[in-house]
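The structure appears below as structure tokens.
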Ligand SMILES: NC(=O)C1=CN([C@@H]2O[C@H](COP(=O)(O)OP(=O)(O)OC[C@H]3O[C@@H](n4cnc5c(N)ncnc54)[C@H](OP(=O)(O)O)[C@@H]3O)[C@@H](O)[C@H]2O)C=CC1
Ligand SMILES: Nc1nc(=O)c2c([nH]1)NC[C@@H]1CN(c3ccc(C(=O)N[C@@H](CCC(=O)O)C(=O)O)cc3)C=[N+]21
């Protein structure tokens, strides 16, 4: 049986500190302001937007959501980002991914001022992450939240075999970089990988971000592995579930994250913290 990593409690601990820092900024006349742009409708994005609105309110962080139609043009979105880049009242900008197909995601990421980059997706920030030069640098919130979990549960990464399933800009790639910076031996697998099971079975640390419900089964997991489930999927009954077959895999893992109340709440805590950090770094 494994120990369940309680993302919700850890998120609350981190939020308590963020709240103190938010209060300090406010006493100096600065109200941190995060702007989120949501173009069209994406299931996981809607959960994210709803939960982060709630959290920002709780912490006293000003948060604005700009909803744009699914037929918004790239030009319209870029114009909005330029406007927010110029706005001194805005400290952090986040554009929800994925974007509708008429919009080039990379162009959008490039347009965000790196100093207001709440997600840490701008190439300047990604480059700093890959160079392990992350002082005053925003880093992707989900992988950052996962690193906090390793720290809290005293899970060592040095010399460990870490396997990341998925290679997205949001999760897989920055996760691999953080693990590498922490001296793990990192393998990234994806939809073109051959013999995926042979690779995941060797993982001491397994981070799964595919978007496929229950993609990882118990026979793909090593005894005693640490299993981190990033997925925000729906099961056959429409219920929120992860990329890992939790019931079976928890019998093998040493540590495992649940869905919900695992990685998700941590992503939001890291976003709140990063909004405060970006605000502090800019003054
Ligand atoms: N909890 C949280 O805080 C967050 C949750 N999420 C959730 O995590 C999941 C993944 O998100 P995201 O990374 O953005 O997803 P993407 O769809 O961008 O990426 C999925 C990755 O999985 C890989 N993949 C797909 N099918 C297979 C397969 N059969 N075998 C091996 N690899 C495969 C893809 O490979 P290829 O590159 O070859 O196509 C791709 O690299 C989603 O459920 C999302 O909602 C996302 C962000 C934060
Ligand atoms: N630019 C960008 N950055 C992202 O980080 C990003 C994104 N786009 N697009 C969508 C995905 C998805 N994502 C989630 C984060 C937290 C929860 C979350 O709060 N999950 C709760 C759900 C609880 C519930 O409401 O049922 C939990 O797991 O406990 C969900 C999804 C961030 N993403």
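Every residue gets a Cβ built from N, Cα and C, even glycine.
Automatic, uncurated: that is what TrEMBL annotation is.
According to TrEMBL, the domain 'Tetrahydrofolate dehydrogenase/cyclohydrolase catalytic' annotation covers 5-119. Helix first, then strand, then coil: DSSP counts for the domain 'Tetrahydrofolate dehydrogenase/cyclohydrolase catalytic' (5-119) stand at 61 helix, 19 strand, 35 coil.
Residues or ranges marked as domain 'Tetrahydrofolate dehydrogenase/cyclohydrolase NAD(P)-binding' in TrEMBL: 140-279.
Taken from TrEMBL, the feature NADP(+) binding site applies to 166, 167, 168. Around the Cβ of residue 168 (NADP(+) binding site), the number of neighbouring Cβ atoms within 10 Å comes to 18. DSSP gives residue 168 (NADP(+) binding site) a coil state; it is part of no helix or strand.
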Around residue 166 (NADP(+) binding site), how many other C-beta atoms are within 10 angstroms of its C-beta?
24
